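Some notes on the structure that comes next.
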There are 2 protein chains.
Amino acid sequence: MDSIKVFAPATVANVVCGYDILGFAIEEPGDEIILRKNDSNQIIITKIEGDNGKLPKDPKKNVVSHVIRLFLEKINSNQGIDIELYKKMPLNSGMGSSAASSVAALVAINELMGKPFSKQELLPLAMEGERIACGNAHADNVAPALLGGLVLVRSYEPLDALKLPYPKDLSVVSVHPHVDVPTGEARKIIKERISLKSAVQQWGNVAGLVAGFCNNDLGLVSRSMEDVIIEPVRAMLIPYFYEMKQLALDNSAIGFGISGSGPSVFALCEKKEIAEEISFKIKELLNQKNIESEAFVTKINDEGARVIY
Amino acid sequence: MDSIKVFAPATVANVVCGYDILGFAIEEPGDEIILRKNDSNQIIITKIEGDNGKLPKDPKKNVVSHVIRLFLEKINSNQGIDIELYKKMPLNSGMGSSAASSVAALVAINELMGKPFSKQELLPLAMEGERIACGNAHADNVAPALLGGLVLVRSYEPLDALKLPYPKDLSVVSVHPHVDVPTGEARKIIKERISLKSAVQQWGNVAGLVAGFCNNDLGLVSRSMEDVIIEPVRAMLIPYFYEMKQLALDNSAIGFGISGSGPSVFALCEKKEIAEEISFKIKELLNQKNIESEAFVTKINDEGARVIY
């Protein structure tokens with residue numbers, strides 16, 4: 001095998017009360033990558049499309065070439081690789097753009113080199129991609145992008161990421177308002193100390209959310225989709241957040257929240273028709289406020305990154 | 001019906017990482033109460049056994065007569081009641097002694113008065129019993145004592161308590177070392193503010209614990225039974241806590257923790273034989289240290305409070 005094409009999906013991390021521990025993959029959008037072996041011993045980015053020129057092509061600074069280099073070092077290979085990256089989702093949007101690229105690159109290089117590792121074993125490398133992309137090796141985007149489905153990152157030391165059951169027919173609306181909220185900034189405004197009282201409220205909701213997903217109890221999922229710690233702070237950075245939330249809940253969303261660190265938002269819905277309506281109404285609201293946006297109505301992607309050919 | 005006898009079980013609250021939100025009932029020990037209608041319009045405590053004279057017999061200060069009075073006020077009744085309370089578990093032990101008494105009283109008076117309320121509807125009244133017993137209307141003892149099984153108190157405002165699935169054949173060891181740790185003191189030493197980092201660790205473990213119980217994944221339950229916030233503080237009040245914990249884990253306990261606010265401790269075990277061995281070894285350890293103790297090897301009580309006759 002001399003070349004390969006892989007898709008990796010966008011993800012919703014920090015699922016409402018599940019800050020830093022819960023994320024899920026969605027069917028679309030996602031990134032595609034093509035890798036080809038070359039004879040030069042070098043990792044060369046030959047093409048990046050869809051980033052409006054924003055991603056570094058210098059292989060020492062690019063997430064994709066970084067994780068490929070880490071992978072090849074791990075197997076003591078000096079194989080040369082040509083990379084074509086097709087960004088099919090917005091950067092810095094809260095939809096796990098860097099995670100999708102890292103994961104696509106790792107799944108592709110793993111296949112190309114004879115699949116020495118399982119997806120779970122690729123996870124720590126994918127987290128290193130996040131470290132250079134946003135300064136923090138968090139796993140709640142890369143783990144669902146890699147494994148698919150709804151993923152719990154129970155612990156970082158030792159790393160323990162696992163797929164949770166969830167009702168298979170849920171629909172998801174993701175809306176990306178075109179406003180700038182750099183991930184680093186969004187992290188910085190979170191307080192380092194919180195009250196025990198609000199922490200107890202949060203883990204009560206985390207427990208309810210997980211139980212609701214595991215037992216197919218959408219009423220419980222809905223009641224538990226409440227974030228008393230992160231959302232009140234980060235919502236300030238997202239124009240019309242509470243108006244969008246009210247709109248979604250008034251139109252029968254199971255729950256609504258910030259996707260990752262924003263500015264994208266998402267709604268979880270029982271049916272596609274509900275999701276379509278909420279998507280339309282939120283776009284309409286933002287349009288009235290002169291904010292451009294793009295919206296995706298999709299489902300949870302249970303497979304994660306996959307080989308296209 | 002002019003008289004009734006009811007049993008309500010001991011409970012393990014604050015299940016390791018599930019501080020203030022998770023509790024379960026155990027088969028034994030538990031309290032028994034006998035109520036008899038009288039013609040006096042008064043609530044009279046005629047007998048308390050098993051408390052070594054420690055509980056107040058003044059009906060204005062006693063938890064049992066307090067919740068019965070609240071119940072009768074709620075249904076606008078001035079029925080007179082004679083109360084016999086049989087304490088069959090240690091007071092101030094962390095095993096939910098006051099909760100068992102309140103719950104037994106409420107289930108009994110509810111039956112005696114024609115069952116106007118469901119168990120769920122009795123919960124707020126039972127919480128009022130906790131308020132006068134320990135200054136805080138918490139629900140993680142009364143809810144499992146009432147409903148049975150493993151109970152999540154997801155939220156207090158509004159109150160949302162629900163039974164979670166769990167593997168039915170688990171065994172539980174509860175050990176009560178005879179040392180004094182008043183509940184109020186144990187609450188006071190908990191810090192009011194915690195780091196976000198440790199809160200994230202805690203809700204990662206809460207999510208894992210709930211997922212493990214719901215999906216019968218004992219490995220996950222075991223990995224998740226870690227408390228980075230409350231245990232490190234309260235364990236200091238329980239002599240030889242870490243020695244007992246190590247003993248339990250070395251002897252194949254799924255997990256080990258403080259029961260309620262202590263000084264009782266508990267171990268969750270896959271089999272009765274394991275539980276028996278851990279019980280024996282912990283008692284032996286405490287005995288060597290000249291600390292008297294009593295131990296119970298039992299199962300999770302799925303029924304909660306029940307009418308005996």
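One is the number of the first residue shown, and numbering goes on along the chain from there.
Glycine is no exception: its Cβ is also placed from the backbone N, Cα and C atoms.
Where the annotation comes from TrEMBL, it is an automatic prediction and has not been curated.
Worth saying up front: this structure is predicted, and the values here are computed from it rather than measured.
According to TrEMBL:
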DOMAIN    B:62-149  domain 'GHMP kinase N-terminal'
BINDING   B:P90, B:L91, B:N92, B:S93, B:G94, B:M95, B:G96, B:S97, B:S98, B:A99, B:A100  ATP binding site
DOMAIN    B:210-285  domain 'GHMP kinase C-terminal'
Which is it, of B:P90, B:G94, B:G96: the one of these binding-site residues whose Cβ has the most other Cβ atoms within 10 Å?
B:G96
Report the same-chain neighbours of B:S98 (ATP binding site): residues 6+ apart in sequence with Cβ closer than 8 Å to its Cβ, ordered by sequence.
B:V63, B:G129, B:E130, B:A133, B:C134, B:N141
Additional residues around ATP, ordered along the sequence, whose Cβ is within 8 Å of the centroid of B:P90, B:L91, B:N92, B:S93, B:G94, B:M95, B:G96, B:S97, B:S98, B:A99, B:A100:
B:A10, B:M89, B:N141, B:G260
Hey, what's the Cβ neighbour count for B:A100 (ATP binding site) at 10 Å?
29
Please work out the helix, strand and coil residue numbers for the domain 'GHMP kinase N-terminal' (B:62-149) from the DSSP assignment.
50 helix, 7 strand, 31 coil
The domain 'GHMP kinase C-terminal' (B:210-285) [mean pLDDT, rounded to integer]:
97
CB neighbours of B:N92 (ATP binding site) within 10 A?
22
